[in-house]
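Undergrad: Take a look at the following structure, please.
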Amino acid sequence: MASDPILAVEAVGLKKGGSTLLDNVSFGLERGRFHALLGPNGAGKSSLMRILYRAETDNSGTVAVEGRSLRDWPRKAYAAKLGALVQEAVSLSGLSLAEVVGLGLLPLALPRAEAAARSAEALALVGLGARAGEDAAHLSGGEQQRLFFAQLLALDPDIYILDEPHNHLDLHYQYVLLDAVKQRGKTVLASFHDLTLATRFCDRAFLLDGGKLVAAGPLEAVLTRERLASVYRIDADFRADGVQIRGAIAG
Amino acid sequence: MNRAPYGLTLTLALLALILAMLAGAFWGTAQLPWDERLRALFRLPDAQPNLQLIVWEWRLPRVLMVAMVGGALALSGVILQALLRNPLADPYLLGLSSGASAAATAAIVWLPAAFVASFGLELLAFLGAMLAFILTLGLAFQPGRGMDKLVLILAGVAISLFFQSVSSFFLHLAEPHVTRNALSFLMGSAAGTRWGDIPPLAIVLPLGFIVVLASAKMLDAVLLGDERAVALGVPLPVLRFGLLSLAALLTGLAVAGAGIVGFVGLVVPHLARMVVGAPHGRLLSIAVLFGMITLVVVDLLSRTLLAPEELPLSVLLALFAAPPFVYILRRVRRGL
């Protein structure tokens, strides 16, 4: 673990309705690095991320950003510091694409001209620049995901939390958008199901299983054949260009 | 997006409201020239005493009240539809109307008429509405967790059903002439409004409007989803609790002012959204003005269509609101 993590998670636990979603999870995010949060369905990835962007506050343990406890940060300053791409289906009727992206700048209170310039630049980056004035209700799932990517890129926080960023995106935009985030050089924590995509972008990985952190470190050290078998129940090998999967393990 | 220019819409809506209110104040005095009417309106020394009495004691308080009730219900509707992200939310969703109805029918049927007259049916209805709202919140609120939207809606439905059955119970027990009194309240009417009835809404509506307008950006962020709003720094539990309480207060005062007036809070916000879009910085003022215009016009029709009989506001509103409501339903079915 880095000596001075920009974000430190210490002994975080979460229980809901009698079941344990997170159990004593501790790790740190290194400044300027792209981190993968890995694990099968129900491992606790989204729950952990929800704690980080403050949608979940019932957790035990502590989260500190730049040495300051999450609970001590003023709301707006924290929202400007840490931005999130979340998984939440909504209908965006009555708002234009530019307005949706502009709302992402809420924590910054920018002058109108600068906000408009940032929104336009971000929309162009996700390939929606020509449609800025359209009603966001008419977007497909993938286009809506691109729109929320644009919102986050316009805000450009120091820490990006990306919950399954590849959701609904075609292959082209999976690479375009994750490249765009990577080029910003900020600290990123992204959850992935596509291990090859994770290999392409991430420097380090945290592997969750059943709410527990079972491994942390460089991807090749985390994704061993044994762990791929025990956690993901797949017969696979990690390689520098991705994970070669031979098949699911029966049972 | 096809949106009407905001400034133009605001100006036209303000003009329409002024015209509607003048029509409300002067209807039935068509034989008089306008300078005569304006002299009465501004209480000039040479104004006709009769006209001045009609306009100042009977018409103006009533017109002002229905305008404020329309504005309050539209504002509540905008708040509820945004905070619950539910296009079919309306101010009565949280059990308010049935709480007010139950209190009013109980008072009309059971309490001595002198007591009701001295205490005020309006105040009793308001208290009933607030009781229902508190019960709904109590059912939906979880300590440390805040309010879940769906649980809140279900709690509102449960409380509504409970108070509806209380109202039915009292109506069932009552004598026919008493039932008629209660029904006229339940279907909405601003008849008999006096200047003394005006201050509560005249204070709460403008202040509430300023509070909601100051929260406009946060309401916009809520449209993106609860989690996105929280991630953008919106204090969602505080916002939700505060603005829902304000919506309940506005609705309770509206019920006290003109009885149960349906549809305005449901349909008017949608009409305003179709004209100026969903961003609340523009939507709020247009929705409130549309609500005011709608109710002033409907009130005017309610007392003129079958004069001297007065039609309940909700009956006319339901007739006018049905076509846009069907349109909204079609949009909701298409996923908006």
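A Cβ is built for glycine as well, from the same backbone N, Cα and C atoms used for every other residue.
Quick paste from TrEMBL:
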TRANSMEM  B:63-84  transmembrane segment
TRANSMEM  B:91-111  transmembrane segment
TRANSMEM  B:123-141  transmembrane segment
TRANSMEM  B:150-172  transmembrane segment
TRANSMEM  B:203-224  transmembrane segment
TRANSMEM  B:244-271  transmembrane segment
TRANSMEM  B:283-305  transmembrane segment
TRANSMEM  B:311-329  transmembrane segment
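Could you place the listed features in the three-dimensional structure?
TA: Note on the transmembrane segment (B:63-84): residues 17, 21, 24-25, 90-91, 93-94, 149, 152-153, 190, 193, 197-198, 201-202, 204-205, 208-209, 212, 219, 222-223, 239-240, 243-244, 246-248, 250-251, 253-254, 257-258, 261, 264-266, 268-269, 272, 280, 283-284, 287-296, 298-299, 313 of its chain, located 6 or more positions outside it, place their CB under 8 angstroms from a CB of the stretch.
Sequence-distant contacts of the transmembrane segment (B:123-141) (same chain, six or more residues past either end, CB-CB distance under 8 Å): 94-104, 106-107, 116, 147-148, 151-152, 154-156, 158-160, 163, 185, 241, 244-245, 248-249, 251-253, 255-256, 259.
Here the transmembrane segment (B:203-224) has long-range neighbours at 68, 71-72, 75, 78-79, 82-83, 85, 232, 234, 236, 239, 242-243, 246, 249-250, 253, 278-281, 284-285, 288, meaning same-chain residues at least 6 beyond its ends whose C-beta is under 8 angstroms from one of its own.
Using a Cβ-Cβ cut-off under 8 Å and counting only residues 6 or more beyond its ends in the same chain, the transmembrane segment (B:283-305) has close neighbours at 6, 9-10, 13-14, 16-17, 20-21, 23-24, 27-28, 62-63, 66-75, 77-78, 189-191, 209, 212-213, 216, 258, 261, 264-265, 268-269, 271-273, 275-277, 311-313, 315-317, 320.
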Undergrad: Should anything in the same chain at least six residues away from the transmembrane segment (B:150-172) have a Cβ under 8 Å from its Cβ atoms, list it; otherwise answer none.
TA: 84, 86, 89, 92-95, 97-99, 101-102, 105-106, 108-110, 128, 132, 135-137, 139-140, 179, 182-183, 186, 244
Undergrad: Which sequence positions outside the transmembrane segment (B:91-111), separated from its termini by at least 6 residues, show Cβ-Cβ distances below 8 Å to it?
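TA: Counting only partners 6 or more residues beyond its ends, the transmembrane segment (B:91-111) has Cβ contacts under 8 Å with 73, 76-77, 80, 84, 121, 124-133, 135-137, 152-153, 155-157, 159-164, 166-167, 170-171, 173-174, 178, 181-182, 185-186, 244, 247-248, 250-252, 254-256, 259-260, 262, 265.
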Undergrad: Would you kindly list the residues that approach the transmembrane segment (B:311-329) from elsewhere in its chain, counting only those six or more residues past its ends and only Cβ-Cβ distances under 8 Å?
TA: 66, 87-88, 184, 187-190, 258-264, 266-267, 270-271, 294-295, 298-299, 301-303, 305
